[in-house]
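I have placed the structure first, in the form of structure tokens, so that the comments after it can refer back to it.
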């Protein structure tokens, strides 16, 4: 069986940057998981004494708080600073972009529409920057019964599928006087999605590696499954079932933006050793 990695996969710029920030700030705590990969979180705690705190109110004056790549709500960031917490911001620059857009466009009187998952930490943060509120949707049908202003600003969660975002934009544009569409899907997300789309069309089994809570990994899996019915989303080599590979001839592999190289290599090695 041939094993091939997608042309683009794994750690993105924002995650690499955040990991470096965390490693440079030993004996600190991240507010929320720095990235959606439990194994990498465990490594940071073991090797660099970087802990994890889920409640921003638990940080005391003088404590060091590393902000997760997904960002946090504006009011919580303000509280941390007001309480003299040493804030180290590891928010991905691609995430701060929609935050800034939401704030600026909301203050200019635009209705803010966010394409994404309302429960995702990135969207909780982005939404908080819309001074006069924002609406979060995942599909065009959710817009049908909404009474919206004539001036709309549209942003997307950085890890969503481009084609799904276009469906939202294409619904709004003919119906409203002014629709400002901002491309806030990050380059790495787009490149990884295109790469998995390409390789999944020629593979008879696909392995997508990443955290179960990772939005961008879920999107990669969705694209892969569209083209290759035998697609599997795993977190590491321990999730592999080697019966999957029986009589397969081409195994394609991709990984989410928060999946470190060492986990990817462990998966590749495990598959190679099984055939």
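Please read every residue number as a count from 1 along the shown chain.
Cβ atoms are placed via backbone N, Cα and C, with glycine included.
The active site, proton donor annotation in Swiss-Prot covers 122. Under the DSSP three-state reduction, residue 122 (active site, proton donor) is assigned to helix. Annotation for residue 122 (active site, proton donor): same-chain Cβ neighbours under 8 Å, separated by at least 6 residues, are 70, 71, 95, 116, 157, 158, 159, 215.
Taken from Swiss-Prot, the feature [4Fe-4S] cluster binding site applies to 12, 92, 186. Close to residue 186 ([4Fe-4S] cluster binding site) in the fold, though at least 6 residues off in sequence, lie 12, 14, 92, 94, 158, 159, each with a CB less than 8 Å from its CB.
According to Swiss-Prot, the (2E)-4-hydroxy-3-methylbut-2-enyl diphosphate binding site annotation covers 36, 70, 120, 158, 214, 215, 216, 258, on the basis of sequence analysis. Long-range C-beta contacts of residue 120 ((2E)-4-hydroxy-3-methylbut-2-enyl diphosphate binding site), restricted to its own chain and to partners at least six residues apart, with a cutoff below 8 Å, comprise 70, 157, 215.
Just so you know, the Cβ of residue 216 ((2E)-4-hydroxy-3-methylbut-2-enyl diphosphate binding site) picks up 28 other Cβ atoms within 10 Å once every protein chain is counted. Residues or ranges marked as dimethylallyl diphosphate binding site by Swiss-Prot: 36, 70, 120, 214, 215, 216, 258.
Per Swiss-Prot, the feature isopentenyl diphosphate binding site maps to 36, 70, 120, 214, 215, 216, 258.
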Taking the Cβ of residue 258 ((2E)-4-hydroxy-3-methylbut-2-enyl diphosphate binding site) as the reference point, list residues of the same chain whose Cβ is under 8 angstroms away and which are at least six residues distant in sequence.
11, 15, 35, 36, 37, 40, 69, 210, 211, 214, 216, 217
State the count of C-beta atoms found within 10 angstroms of the C-beta of residue 12 ([4Fe-4S] cluster binding site), not counting that atom itself.
26
Packing count at residue 92 ([4Fe-4S] cluster binding site) (other Cβ atoms within 10 Å of its Cβ):
23
